[in-house]
Amino acid sequence: MAAHQEKKSEERKRKSTQNDTQTSQAQWGRAWEVDWFSLASILFLLMFAPFIVYYFIMSCDQYQCSLTDPVVDLLMGNKHLSDIWNKTPPLTYRAAGIYTLWVTFQVFLYVFIPDLCHKFLPGYVGGVQEGAVTPAGVVNKYEINGLQAWIITHLLWFANAYYFHWFSPTIIFDNWIPLLWCANILGYVVSTFAMIKGYLFPTNAKDCKFTGNFFYDYMMGIEFNPRIGKWFDFKLFFNGRPGIVAWTLINLSYAAKQQELYGQVTNSMILVNVLQGIYVLDFFWNEAWYLKTIDICHDHFGWYLGWGDCVWLPYTYTLQGLYLVYHPVQLCTANAMGILILGLIGYYIFRMTNHQKDLFRRTNGNCKIWGKKPEYIECSYMSVDGTKFYSKLMTSGFWGWARHFNYTGDLMGSLAYCLACGFEHILPYFYIIYMMILLTHRCLRDEHRCLSKYGKDWKRYTAAVPYRLLPGVF
């Protein structure tokens, strides 16, 4: 009897694994058909997202980070668009050189320096790792060395600041708008190249999707995992490098500019550097885990990721530090401690929620969550060939509080970054507004996919865990 039950359990696990692959192949990636709402949204982003980024940076450069004053000036006739544009710093050879050197250096670290950190850092997973199965059934291998690239880059940064003095630590801030033009050029070049590659020489033709709509294909991507050679994976490189490595360097440059202008670095700037630094380090420490996330497992590579990682991420995720250069805020001790605690609690929830889910999956539920065996709902679902399989949805720990409680922790951390800037202007709060929209949309998209997959069992799960993000509210 025991042998029969063990055999049945193993069969279920085998079927579950097979079904994960088969069902995912049917559902992964972007849509095959484009509805009018999706097309309208894409056209809006393609036309206006670059101008939104420019508007934010320009408002700080010319209007002390006020988002309303430029509009008032234009409506009142005090200025014309040409006046604002003529005061905008142009692309310079210096900025082009800095940016080219930066990207080249990150490519070098990514492609040519195998990871050594996993050999001497306990608990860190680096080196060659396998990704998830693609819709075509391919399992790509990745060289996970982001933490190593981050460490090397920052060691060189501090060595220059305190010893070599090759360039000023304020170099990023001092060339911020010219670097914006460089980032836009790279974003559009890599996105256009990815689309051409998808048509003419895809890495795997079976992992390509064509809708027939040029704008949709350009933005959302055609190839699932475009690669050059064995190791240069477009998606992993541009998701993690150079933008996220640069994130902490950009904040350090802002802090250096504060020191240069005011003779001190405010505690609000230190908070932003520390809290966002923790988030960045967490990303690279868990880069192997990132291979299993929606970005790698579902998204194709197009303008959305190519331009987004080159421009949107480094220029909008760092608005708090930029704002604090123009409006230094010295928080009282109580407020600073409150913001620090909020950020740390948010990070703890974000990390522990993801850890609980990963542990539950790896052990097939044979683990302890908060000191006891986890509760779960066993679900059945049909594969594309009509075979019935089984899976488990955990209802214990943080996952019993809300269905996406990891996003709740992420939002708490995002709010802490913004609160460090005070309440004088709305610009530094763009990040929390954007993250609320992004993560709420991601919740709804994930749940639509799960409802299609699990059917009535998903309804049982949502009845057991009724809230998405905030227990008792939403």
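The chain as shown is numbered from 1 upward.
Every residue, even glycine, has its Cβ placed from backbone N, Cα and C.
What TrEMBL says about this protein:
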- 1-13: compositional bias 'Basic and acidic residues' (COMPBIAS)
- 1-22: region 'Disordered' (REGION)
- 36-57: transmembrane segment (TRANSMEM)
- 91-113: transmembrane segment (TRANSMEM)
- 147-164: transmembrane segment (TRANSMEM)
- 176-196: transmembrane segment (TRANSMEM)
- 301-319: transmembrane segment (TRANSMEM)
- 331-350: transmembrane segment (TRANSMEM)
- 414-439: transmembrane segment (TRANSMEM)
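Between the transmembrane segment (301-319) and the listed ranges 36-57, 91-113, 414-439, the one holding the most Cβ pairs under 8 Å is 36-57. Taking Cβ pairs closer than 8 Å, the transmembrane segment (91-113) reaches residues 143, 145, 148-149, 152-153, 171, 175, 178-179, 181-183, 186, 229, 231-232, 237, 241-242, 245-246 in its own chain, all 6 or more past its ends. Nonlocal intrachain contacts for the transmembrane segment (176-196), taken as residues 6+ away from its ends with a CB within less than 8 angstroms of a stretch CB, comprise 50, 53-54, 57-58, 61, 88-92, 94-96, 98-100, 103, 217-218, 221-223, 226, 234, 238, 301-303, 306-311, 314-315, 322. Panel annotation: around the transmembrane segment (414-439), residues 56, 59-60, 65-67, 268, 271-272, 275-276, 316-317, 319-320, 323-324, 327, 329, 331, 336, 339-340, 342-343, 346, 404, 407, 469 of the same chain, lying at least six beyond its termini, place a Cβ under 8 Å from a Cβ of the stretch.
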